[in-house]
Structures are given as C-alpha cells and as structure tokens.
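Structure record follows, encoded as structure tokens.
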Amino acid sequence: MYLNRFYKINSTLNNLSLHLRRFLATQNVNKVALYFQRARLIDSIRLTLRSNCSDNIITNLENPSLDSFVVTKALQSAPTPDSALSLIENLKKIPDFSHTHNTLYALAKILAKAREIAKLKALINAINSGKFVNVARVSYMDQMRWYGISREFNEVVRVWDEWRTTLKKHPCTESYNVVMGLCVQEGKDSDAVRVFYRMIEEGALPNCRTYTIIIEHLVRMRKLDSAIEIFHMLPHVRIKRTLKQYSDLVEALTISNQLDVVKILLDQMRSDGILPVRAMLWSLQQMQNAGYDAETNELLRDMLPDGRIKKIGYSMDSGEDDSDDEDEEIDCEHTNAVDQPHLKPWLDPASLANALRNWAAEEVSALEDAKLVWTNRLVCKMIRSFKSAETAWQFFCWVACQPGFTHDIYTISRMITRLARDGCVDLVDQLLSKVEREGIQLSFSTIRLIIDFYGVSRNGDPALRVFKSVKTICGRISRSSQLLLYSSLLRTLIKCNMNSDALHILEEMSLLGIVPDLHTYSGLMNHFALHGDIKTVQRLFGMVRQSGIEPDAYMYKVLIHAYCKCGRAALALRVFEDMRNSGLLPDANTKQLLVKSLWKEGKLREAASVEERTEEINDALPLALPGHMFTVSSTDLSRVYNIYSNSFQSTCS
C-alpha cells in the first residue's frame, strides 16, 4: 500500500514506447546543450521545492525536458526529505513518466534519511520482486547503506548476516565500514573495535574509509593523540589521507588550542594536494587570529565566495547562469527578499564531462556559450570525471585559455596523474618539462602517484625516468618519503617484469642505507616465488634477517608456499619451525599445503607432526593477520588495532 502513494507502474509496452520516443528525439541533440537545458529545469525544480509556491511544481514536471536524469538530480538536491517525497507524489500526475534504477535508488536514500523504514522495505521488496522493468535486484551492500543512513542497527546486522551466509568468503570491506560507522554513531565503542578486529582477522583489507571512521571515532571521544598517531601511519600503509580526516583533526585540534599541530597538518594537506573546504573556515580564522597569517591567507582566499558566481533566484529569467563546482547550498547572506531562495546554479562535473566525452566542436561551442566560471576546484573535478585521458587533456588545454582562469599546482598535479594512469607517457613528459621550465615544484604525493600509475599502465622505463628526476621536479624529500618512493618504484618495476632493474634499485637502497619495510620485502618475495626464482627469494629473506626486521605471518606464508610449489618441503618445514618459534601459526590453507607437500615427498612422520602441533586449537586455526603485497603488513595492522583498542580499553574489556 505504501508504493501506491509514490509511483505508478506503467506497462512494459508503454515504457519501451516512451524510451524509444526519447531516444529518437535526442539523437541529433548537442549533448552539452542538452545538459544545460536539463540543468535549468533542475534549478527550476530546486527553487520550487525551496519555496512555498507548490503550484509551480506541476508546470516544471510537465516540461518536455523532464526525464529520469532530471528527476534523480532534483531528488538528490532536494532541501529536505519531505520536499523530495512531495516531488515523488506529484510525479504520479505525469502520465508519461516512469521510474528507473536511478530514481528508485534516489527515492530509497530519501526514505532512509526520513527514517521511513516500512516504506523503504516496501520499495526494496517491490524492486526485488521484479515490479519494475529493467531494474535489478537491490544488492546486500545497497541495503546495508540505506539502513545505515536510517541508523537501523538491527536491520544492518540482519542484512549483513544474511549476506555472509550466501558467501564462501568474507564480504567486501565496505560492509564492515557500514557496521563499524554505525557503531560509532550509536556510541557502541567496543562493538566498533570488535568489527575492525573481525575485518582484519577475516582478511578484509581496511581501506581509506575504514581509517576515516577510526579517526572520526577517536576524535569524537577526544582521543586526539591516538587519532594523530594513526593518521601519520597512513602513508606507511599506503592509504591516501582524505579531506574528511584533515577536516576532523584540524577542527578538534583548533578547539583544544593545539595550533602548532594544526599548522603542520595544513602543510601536509597542501603537500597531499588537497584543497580545503568551507567546513574548515572557522578553524582557519582562529589560526589567523592567533597570528598564523602566512599559513592561512591563501587557504582562506580559496574558500571565500567567488564574486563572479551569480546566484539563481526564484524567477528564472536568465538562461545562462554562471556556475561553480559547489552544489546546492543556500546562501542566506545574498537573499534579497523574504522567503525567496537564492542558491548557486546546479552543476554536476561528472555529467558535464560525460556530455563532452567526444570533444566535438559544436559541444565545445555550447560550453563556451554557457560562460561558466572556471575555478580550480571545478577544473580538478572535471579532469577526474573524464573517462578518456585524451579528452581530459583537450579540456585542460582549452580551459587554460578561458578568461579569468589560470592553472595552479592542484590542476597541474591532477592532470599529470590522470595522464600517467592511462599511460600517456608523451603528454606526461610534455607537462613535466613545462613544470620544470617554469620552476614549479610538484608535491611528493604527486610524484609517487605518477610512479604508481605507471605500474598500472605497465610503463616501467618512464617510471624510472621520473624517479631519477625527483629532485628537480619535487625538491628535497625526507628519508621516510624516499622509502615510500622507492617502494612504489619497486612495485611498478615488478609489475612490468623488470626484475633486474628492481634488484638494482634494491642494491641502490642498500648503498644509501634505506631499508625497505616489511611489506615491500614480502611483495618482492612473493613476486619472485611466483616466477620460481627460489634463490632470489632466499636472498631477500636473508636481507630481511640482516636488517633486523622481524618476519610476520604473511612473510612466512610466502616462504612456505614458495618452497612447497618447487618441491622443497623440507625447507618449508624449517620455515614452519621458525614460524612456531616466533609464536605464529599458519592459516588453514598454508598448513594444508605443507602437510600435502610433506606427504608427497614421503615425509609422513613430519606431516603427522605438523598436524599434531596445529590440533592444539581444536582444528580451528586462527587466521594470522593478513599481509598485502607492497601495501600493509600484519605488523602494521596489529599496531593500528592496538592503538585503536587501547583507546577504549575500559569499554572493550
């Protein structure tokens, strides 16, 4: 009964007929012109939803340009869940409109925000029962996200448990993040810590959002030292630091009057190529009041409202409003009439980039006619949104000639890394040469991304060239940053099967006194083991011993697998003994492989001994904290867990 309040299901024939008419009508339409036509309609709907003039909503919905794209974006930018639901209700009066995957999912998110659980369940059941044409079943992950938004903890856990029973392995990392984040919101401190432990125990690799949740949790509970300690570990475990992490820490440290630490964070944020947002405005103003003018002036200037950007009012007389990359925030300071909303024009960089994907002359002309206000933040978003690096490069060159715009370090860095990811070596070299000529120094994180992306695109030689030019294009970097850069280069070289070059770089590190970290060694050992080069694996393990690094469970696992696969079970057994003496146990798969290899080589007594010494835990071998090649070691994960759990020791005991 809930569904009848929101939408009407048209027949399959009507849906096909409607889509065919729209397809034929838009075949010869300039895609950029169509984008701006839709954008104006979205703005009209947004303004209507923010005003008391509900009579105008039907007029907007009867516009020939109305389609599922317009409805989806209007729903996403609605000021309140009630206004969004009123839009859905009014759509019932539009005979030619039918819901799609995007509009239904936008509706589900709105119901979740409004905590309309019964209606949300009814919508999910309707989709899963096939009542909508060409709309796939709702995934477990989407259900968890929606119930997480509505803070329905029991429903999230129910869906998670149901999902886990259908899998033979652990679910995706994001599912742990949803449960963990909800625990933090609900004040379930010990449960949040236990979910993180369960994640690493079951072999799910914590990602950027996992660490954001941990830092947010620690900041919320005023455990700032622990939050900063984990934050500083992120580059070492190859996790990108995010704007949300910086924003939470900067605000908390400003409140606690640790402005010197805030200054360090701002420098690191600039080095990471992250632009500040308005949520940091108060903290920066406090810094400025305390005398940190040099550190804050440029950042504050970037956050002040751009006077070139016009606001749209209720009357839509102008069809070509200037746009910025910030979305639908109402600017009360620029409101000239009571109850008359003013807000920035709607702009979706991803949709605009998609409309420009062919970079046709008529589409570029339509873009120029729109007279958008190009900010550095918007240009960065556009570069990121293009599916083709070549098109992104055409846009990058075009926007450089637009009035009032000049590329800065952020847009240049974004363009270079985008080109490197797609293997556009010549264009990267061209842009790097220009950077060198103009004396611009790129950040260490940008250089590292270039090298990492060259590994993705299998361009080892260009990666070596960039690495050798790092002092010219980046300046001096710290010893810890050198280690990370060497590690990225080694990973890229073995991805490109440049094994001899990788070993040469390893020797260079030894001469400079730079010791690779545990997971770099593990990654190299695993690579050479897969290629059957046991001598190099043994040599690398000897280097680990000589450097004083204590092997973790994952490194032992790599060794055991390498020896077993080349018929050297006796050596694998010796590694097993070393592992036991270090207080570690193999996971179930590694134990089974070792026992099978010993049996195959006729070492029955040794195989039985391995079985006996691993039966002491009732055949339920604990999964050793997993290591991941070139990213994070079990030692790192143990350290993060210890910092996190010890911060809530009283609640976790």
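From the backbone N, Cα and C atoms, a Cβ is placed for every residue, glycine too.
In TrEMBL this protein carries:
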- 172-206: repeat 'PPR' (REPEAT)
- 482-516: repeat 'PPR' (REPEAT)
- 517-551: repeat 'PPR' (REPEAT)
- 552-586: repeat 'PPR' (REPEAT)
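Residues 235-236, 444, 447-448, 451-452, 454-456, 458-460, 463-464, 467, 470, 523-524, 527-528, 531, 533, 536, 543, 547, 549, 629-630 of the same chain, all 6+ positions outside the repeat 'PPR' (482-516), place their C-beta atoms under 8 angstroms from a C-beta of that stretch.
Residues 236, 483, 486-487, 490-491, 494, 499, 502-503, 506, 510, 558-559, 561-563, 565-566, 568, 578, 582, 627-633, 635-636 of the same chain, all 6+ positions outside the repeat 'PPR' (517-551), place their C-beta atoms under 8 angstroms from a C-beta of that stretch.
Within the model, the repeat 'PPR' (517-551) carries an average pLDDT of 92. Broken down by DSSP into helix, strand and coil, the repeat 'PPR' (552-586) contains 26 helix, 0 strand, 9 coil.
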